[in-house]
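This report concerns only the one structure given below.
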Amino acid sequence: METVTEHQHDASQKPRTRFAPSPTGLLHLGNLRTALFNALLARRDGGDFVLRIEDTDVERSRAEYVQALCEDLRWLGLDWQEGPEVEGIHRPYAQSARQPVYDAYYEQLEAADLAYPCFCTERELELSRRSQRAAGKAPRYAGTCAHLSAEERQARRDRGLEPTLRFRVPRGRTVTFTDHVRGPQRFDTDDIGDFIIRRADGTPAFFFSNAVDDALMGITHVLRGEDHLTNTPRQLLLLEALGLEAPSYAHISMITGDDGAPLSKRNGSRAVSELREAGFLPEAVVNHLARLGHTYEDNALLSLDGLAAGFDLGRLGRAPARFDESQLRHWQREALHALPDERMRQWMRDAAGELLPADREAAFMATVRDNVQFPEDVSRWCRILFGEVPEPDADVRAWLEQAGPAFFQAAADAGGDWQAVTGAVKEATGARGKQLFMPLRLALTGLNHGPELPDIHGLLGEDEARRRFLQAARRAAAEPAQ
Ligand SMILES: Nc1ncnc2c1ncn2[C@@H]1O[C@H](COP(=O)(O)OP(=O)(O)OP(=O)(O)O)[C@@H](O)[C@H]1O
Ligand SMILES: [Zn+2]
């Protein structure tokens, strides 16, 4: 038996990787991690990262999804060296604009009788699959149209039948290749039915345009989801028949959701744009994704260059990786912590909007910086510090009542800075530790956690703090809220 092996690329050659999404929905984290790994591999070795749009499914592809995915990639800093918007020598990068390229290769295959028109209807194919299954066989194309004469083909055309084009899979061979993640792979060509490479409307099927473009665009490494593993032998056979050079492949594990099923555009998985809108930082998203199915020695937050430097095909795992939002939140905390002051200020400004008085900006940011993870945290602290203390719930009311009105009256009467306040309350009530600080915190913010109390007191100012202590005194006396 002969074997087909992918071309061994010259090790000194710089990697050319690609991300080739179909614009049929918004990118989710599964798609995005594929993009990230491809971008990191190219970046690590100074190669090129290509973006190609696989929009051959005209029914489902939409221009606005192309725009959205470009925006998502740019937001994360995954700039491409060739592709839409930037172009390049292999243009065009949208498959819908590459039909003449595919047509030339179809002709080449048909001329060599390596492909043939198939006139079977969807109904006929379904019946054939059903009877194969009933006989306990894995369904594959039965070869009905494999050996039609020129006259038989013409007769079918005359009846108005529009054929698809099928690739004639060579029989009795073994296709082998070494996957960067899954190691040596073997497939018998006898298990592969002749497959469609051109749809009846003339547009290319995925197997075909995807493989042809990888070769024509000089792609050296294809990192893609494990869902594509069984496509690879077909694509290697096609490239061999066309005399085109194949890339090497890394089939990376799928990212699954809580239900254990792979994230998919169809199952409504959380879109990248939703994470952006919720206020996640791009640094948090890439640090999280880079560690889903790939291990790093360094558990600290890394820049894209750092992530690229530590990226290694040998560190890709085989097991599916479950998306865990608590991990993403961990990286959000790390990313915010590391954010340079100027960007932190801008992030808070955007989050606070009108709620933040310009003259209090610096003090506010210094006070709450370590207590906010999302824009909604910023706006909540604005509402609390520049608006009103929230109405107490049962827990808070219990704390206030236990401290009693005299406690808060003492705080209100103290005047002066924070030290003066705590000194006066201690002297009047004997309270200390949590019994001292928790009621004061609840009086000033209504929350049992938050920034340091001296900072909050300083930000509010003496007058506003007094007003809040008096309000707490009334609430502690169980008077109706005012
Ligand atoms: N849940 C997932 N985990 C990891 N990779 C994924 C996942 N879903 C898709 N991919 C990968 O994302 C890349 C881009 O895929 P594409 O845009 O064609 O989406 P797709 O495979 O059609 O996904 P979907 O099922 O969500 O439509 C492919 O390499 C694919 O393998
Ligand atoms: Zn047929």
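The backbone N, Cα and C atoms fix where each Cβ goes, and this holds for glycine too.
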Which one of 21-31, 164-174, 175-185, 340-350 shows up in TrEMBL as motif ''HIGH' region'?
21-31
Limited to the motif ''KMSKS' region' (262-266), I'd like the whole-number average of pLDDT.
84
Rounded to the nearest Å - Cα separation of HIS147 (Zn(2+) binding site) and LYS265 (ATP binding site):
39
In the same chain, which residue numbers or ranges, 6 or more beyond the ends of the motif ''HIGH' region' (21-31), come under 8 angstroms Cβ to Cβ?
53-55, 57, 60-63, 65-66, 68-69, 72-73, 225, 254-255, 262-266, 269-273, 285, 289, 292, 323
Identify which of the following binding-site residues, namely CYS118, CYS145, HIS147, LYS265, place a Cβ less than 6 Å away from any atom of ligand 2, and list them by sequence position.
CYS118, CYS145
Between CYS145 (Zn(2+) binding site) and LYS265 (ATP binding site), the C-alpha gap once rounded to whole angstrom:
35
Could you list, ordered by sequence, which of these binding-site residues: CYS145, HIS147, LYS265, have a Cβ under 6 Å from ligand 1?
LYS265
Secondary structure content of the motif ''KMSKS' region' (262-266), with strand meaning DSSP E or B:
0 helix, 1 strand, 4 coil
